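Colleague: The following block contains the structure, expressed as structure tokens.
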Amino acid sequence: MSPVIVLVGPPGSGKSTVAGELATRLGVPHRDTDTAVETEAGRPISDIFVDSGEAHFRKLERAAVSAALQHDGVLSLGGGAILDPETRAELAGHFVVFLDVTLGEAAKRVGLGTSRPLLLGNVRTQMKNLMDARRPLYEEVAALVVSTDGRTPADVSDEILQKLETK
Ligand SMILES: Nc1ncnc2c1ncn2[C@@H]1O[C@H](COP(=O)(O)OP(=O)(O)OP(=O)(O)O)[C@@H](O)[C@H]1O
Ligand SMILES: O=C(O)C1=C[C@@H](O)[C@@H](O)[C@H](O)C1
Ligand SMILES: [Mg+2]
């Protein structure tokens, strides 16, 4: 078994939201690696970062990605999961979709909450650094890039399902 669609992209690109919509429309389960890590650890990601550090979070995330790739349905990854070379290698052969978003739109969507520890401080600056560094990695693993600016999760899902049918 393996997921029919895997979504990657920066925070605020809409991976979790769109994956939920795709799963509902396809009538299959939705898995999200951030949720899996939180369930397994029994605490929110923001607490894992503060108490145990990012490196520890990345270890938990690596294991969660590997496990989730053994299940069917639609899978959304955490924004930084593709930083891991083993994860990128494991994604080969899957239908991976990069949800693209501009800096301004992503910053608006994530707001100023504390649930995304890597964006604390100046959200726009952190987001810009993170997007610049990761864009080549998102592109490397993706079979399809879908722009999400000015589009609803339903519009984004329509495009992905249409491409899935003709792939
Ligand atoms: N196409 C869209 N248009 C407008 N708002 C959106 C769109 N997709 C998602 N959102 C909103 O943006 C916010 C972030 O979406 P979501 O949590 O799905 O992003 P994510 O890519 O999973 O982020 P993370 O990497 O932090 O898990 C949510 O409030 C969601 O409702
Ligand atoms: O972009 C990132 O590195 C992250 C994104 C979120 O999905 C979470 O996985 C965590 O907050 C780290
Ligand atoms: Mg998410």
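Just so you know, glycine gets a Cβ as well, placed from its N, Cα and C.
Quantities reported herein were computed from a predicted structural model and do not represent experimental measurements.
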Colleague: Arg134, Arg135, Arg151: which one does TrEMBL list with Asp34, Arg58, Gly79 for the substrate site?
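Modeller: So, going by the record in TrEMBL, that would be Arg134.
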Colleague: The ATP site in TrEMBL includes Gly12, Ser13, Gly14, Lys15, Ser16, Thr17, Arg151. Which of Arg62, Arg88, Arg116 is also listed there?
Modeller: Arg116
Colleague: Show me the subset of Ser13, Gly14, Lys15, Thr17, Arg116, Arg151 whose Cα is within 10 Å of Asp34 (substrate binding site); these are the binding-site residues I mean.
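Modeller: So the list is empty; none.
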Colleague: Closest to Lys15 (ATP binding site): which of the binding-site residues Arg58, Gly79, Arg134, going by Cα position?
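Modeller: For Lys15 (ATP binding site), the closest Cα among Arg58, Gly79, Arg134 is found at Gly79.
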Colleague: Please identify, among the binding-site residues Arg58, Gly79, Arg134, the one with the smallest Cα-Cα distance to Thr17 (ATP binding site).
Modeller: Gly79
Colleague: Of the binding-site residues Ser16, Asp34, Gly79, Arg116, which ones put their CB under 6 Å from ligand 2?
Modeller: Asp34, Gly79, Arg116
Colleague: What binding-site residues in Ser13, Thr17, Arg58, Arg151 place CB under 6 Å from ligand 3?
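Modeller: With ligand 3 as the reference and 6 Å as the Cβ limit, the list is empty: none.
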